[in-house]
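Here's what Swiss-Prot has on this protein:
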- Glu121: active site, proton acceptor (ACT_SITE)
- Cys373: active site, S-methylcysteine intermediate (ACT_SITE)
- Cys141, Cys145, Cys148: [4Fe-4S] cluster binding site (BINDING)
- Gly199, Glu200, Ser231, Ser253, Leu254, His255, Asn330: S-adenosyl-L-methionine binding site (BINDING)
- Cys134-Cys373: disulfide bond (DISULFID)
- 127-370: domain 'Radical SAM core' (DOMAIN)
Amino acid sequence: MTLAAAAQLEKTPLETYVPPAKPSLIGLSRAELAERLGHIGVAPAQRKMRAQQLWNWMYLRGARDFSEMTNVSKEMRAQLSDHFTVDRPEVVAEQISNDGTRKWLLRLPSGDDVQKAHEVECVYIPETDRGTLCVSSQVGCTLNCSFCHTGTQRLVRNLTAGEIIGQVMVARDRLNDWVDRETPNGNRLVTNIVMMGMGEPLYNFEAVRDALLIVTDNEGIGISRRRVTLSTSGVVPNIIRTGEEIGVMLAISLHAVRDELRDELVPLNRKYPLKELLQACRDYPGASNARRITFEYVMLKGVNDSLDDARRLVQLLKGIPAKINLIPFNPWPGSAYECSDWDQIEKFSEYIFNAGYSSPVRTPRGRDILAACGQLKSETEKLSVRERDALRAMAMTD
């Protein structure tokens, strides 16, 4: 990344970050909203009704300020404003790819030192029949997958439920995609959610669960569970919990068919090897031909792309209602891998298809803004110390 490109990404220096003075209500359940209302003196008999009003304004209509909540009394609005906000994460920068993909860099409180801030990225991918939002669950990642750019950034902290749902709300804000606002043909622009951004969702299970329950609530964000996919590298103990407590579609970052290679590509495999992972998939609640598990397989030249690998993959998935997404490797600075040749990807896909599995090849999106699969990483983490210092100096004079 050039210094000029970095300056476009981040105009506000980290030194000027001001932590929020009041807590945001974003990310709270109805019961938690009622509890907070009790803290400011709302009578017990009114809490449930008032909590439902807040819920509808925040998650259905996308209110950005209590003053917008016209069916709430002026006195109550003032009281809410004195104690709380409905703020989302701060949008530091937006990049738009040549193919229409959008990437937002979002700034969050650090969670410990209130004078510092952290960043995450989320990505919106428009298609003719859907609009998919790729959401992050952690600042950084702990898994160190060798082919993944995010894996080169250390894990900083888990996101809260509010910070996860806040990414969805930011996207709807930026796309003008709320119920009361105009969208093309009256349709929503964000139709699908994939937990495939920064971090391992199942190492932040409770916050991810709470956020996705808001996403899939018919009186909230209102996206069907069948349009929400959670991707995991294989945190086996929480796979069954995902089906039981969240009920969304499951995707597995597989990428190898032999434990020895997967140990290298996805080090989590040393803790939860293929046999345990695939058994958890066979036991996943609700899995069927109508609700197939997606297996993601990044195509690495000369590493995992042989026809023998394809044969082993078909054997491994026997008995699992599955589809296989083949992902051309997206290069990033410093990577040791190359993408498989296109002819080899097609041969691999054809073998799997002839064995009875859907095997689409994922079209890379947003490569020019490092928004494609495996490319996400907080921008301030990417910069060298020298570039970061220069960027801050420029921002201070803007």
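Heads up, the Cβ atoms here are built off N, Cα and C, so glycines get one too.
For the recorded positions shown (Cys134, Cys141, Cys145, Cys148, Leu254), fewest C-beta neighbours within 10 angstroms: Cys145. Contacts of Glu200 (S-adenosyl-L-methionine binding site) defined by a Cβ separation under 8 A and a same-chain sequence distance of 6+ are given as Ser137, Gln138, Cys141, Thr142, Leu143, Thr232, Ser233, Val235, Leu268, in order along the sequence. Taking CA atoms as the reference points, Cys134 (disulfide bond) and Leu254 (S-adenosyl-L-methionine binding site) are 19 Å apart. Here the Cα atom of Gly199 (S-adenosyl-L-methionine binding site) is found 11 Å from that of the residue listed as 'active site, proton acceptor'. A strand conformation is recorded for Cys134 (disulfide bond) in the three-state DSSP classification. Inclusion criterion for the recorded positions Glu121, Ser231, Leu254, His255, Asn330: a C-alpha placed within 10 angstroms of the C-alpha of Cys148 ([4Fe-4S] cluster binding site); this criterion is met by Asn330.
You'll find the Cα of Ser231 (S-adenosyl-L-methionine binding site) roughly 14 Å from the Cα of Cys145 ([4Fe-4S] cluster binding site). Listed binding-site residues: Ser231, Ser253, Asn330; maximum Cβ neighbour count within 10 Å falls on Ser253. Straight-line distance linking the Cα atoms of Cys145 ([4Fe-4S] cluster binding site) and Asn330 (S-adenosyl-L-methionine binding site), rounded to a whole number, equals 14 Å.
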